[in-house]
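Here the structure is laid out as structure tokens; the discussion comes afterwards.
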């Protein structure tokens, strides 16, 4: 399967469990177009979408490549967790955000 420099495979090789007998599901990688849509939705502050909205988002994204509702749900959950962790790391690095000069 040939790929351009910017494309990401949607169906990587199966990842096998430790016993090498049962393959687990391949990871989903959103296409760049899907990623733009997901980031735009997330930036509205909507949080993780409910079932009906998630179904609608999934249908829209299917026109841009492989995706299912679980992928959409997990993407929003993971994005929220990454943002929370980044905020905590930034606060820790900034010394709590006091902003003043040391005494």
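Keep in mind that glycine also has a Cβ here, set from the backbone N, Cα and C atoms.
Quick look at what TrEMBL annotates:
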- 1-30: region 'Disordered' (REGION)
- 21-86: domain 'Homeobox' (DOMAIN)
- 23-87: DNA-binding region (DNA_BIND)
- 84-103: region 'Disordered' (REGION)
- 93-103: compositional bias 'Gly residues' (COMPBIAS)
For the DNA-binding region (23-87), mean pLDDT (0 to 100): 94
DSSP-derived helix, strand and coil totals, residue by residue, for the domain 'Homeobox' (21-86): 42 helix, 2 strand, 22 coil
